[in-house]
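Have a look at the structure below, then the notes.
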């Protein structure tokens, strides 16, 4: 068996790769590792999910696994991933479990686990959970009164909405937003949050039926949102994914405002308000060179991490910084949460618009996106490519030819025998030519 945990929990085709049996084993193992009995009474676990059909089956299995290990379950129902992380801390739970495959198609599902305080797990803790789940370490199995009980949390959504309200320093009166909820976990709370802050809200794709999550909508399919923003004459559009841990935006003309541009707007606003710790932003190596240039021109330092919001979080924690994120729209505000929060990002973005009186297109123009070409190359051995002197020489030659006007990044896939070749340059044709040449070199190894 390969490693259970990927870059964002356990994920796979529901009922084939991610079975009820596996969900029970993982939940029981997580409870064994993260909720050891001690003083203060029985430990608790928050459980939430997105609305995809398999979530009900997996929720039942997760609840069974947790209670079989002696943990009481606080079931919060359908809520975004960041809400589950927040409630794990708010309710003083020993762990939290979110059942979701995020932006993946409906047939997939996943299990994300949070430690006490709503923090994502590090590799060492994941390895310990995996050891218990696969039977190489002993799981806890109490009997009688030691078995956990199940409780619902009827005010879970209200608690999360109140939390979001406290994170927004100003009102959004006068702004009109179209929000694409991806028929996902934020279909109720996202429109409610934006309305509570004073915005006029047009909600689309906010009628989940268990089967339509992420189907031609949400942050991976922006076409419908772009048309709706123009049709309604809205100030902007916001797109969430199935579990609402990310947010992308669309300006009044229907043009994309991606995660890099969103971070630019937020970083400049937080700097002006004295909220940007050490005038530093944390982003991944996949962020566009245009973000680097914009931050440098603004006097803001940029710390780069590996791809994945868990690595952004590590960078934020290690430096004590206050803003980080990814091009894909995961944005983290450590003062208000422990993971990417799409609804909070949308609120803060509109807050900057309300504060300045400027449209989002004007605010986002502080960053110019450089042309980027990405080529996926199938390889026999990713490690051989990484160690190849021929590939290294080709990368160095490409970097010399670009100088300060571009960059090159080779990144092995975390799940497939692929190497991703990315080239950015001020000229699209130059980027294409270099990317194709490098892809050919990688393929020849």
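Backbone N, Cα and C atoms are what each Cβ position is placed from, and that goes for glycine too.
Of the residues proposed, 102, 365, 388, the one Swiss-Prot records at the same Mg(2+) site as 241, 243, 245 is 102. Contacts of residue 102 (Mg(2+) binding site) defined by a Cβ separation under 8 A and a same-chain sequence distance of 6+ are given as 8, 81, 110, 241, 242, 243, 245, 246, in order along the sequence. Other than 102, 241, 243, 245, the residues of this chain whose Cβ falls within 8 Å of the Cβ centroid of the Mg(2+) site are, in sequence order, 50, 80, 81, 100, 103, 184, 185, 240, 242, 244, 246, 342. If you draw a 10 Å sphere around the CB of residue 241 (Mg(2+) binding site), it holds 34 other CB atoms from the protein chains shown.
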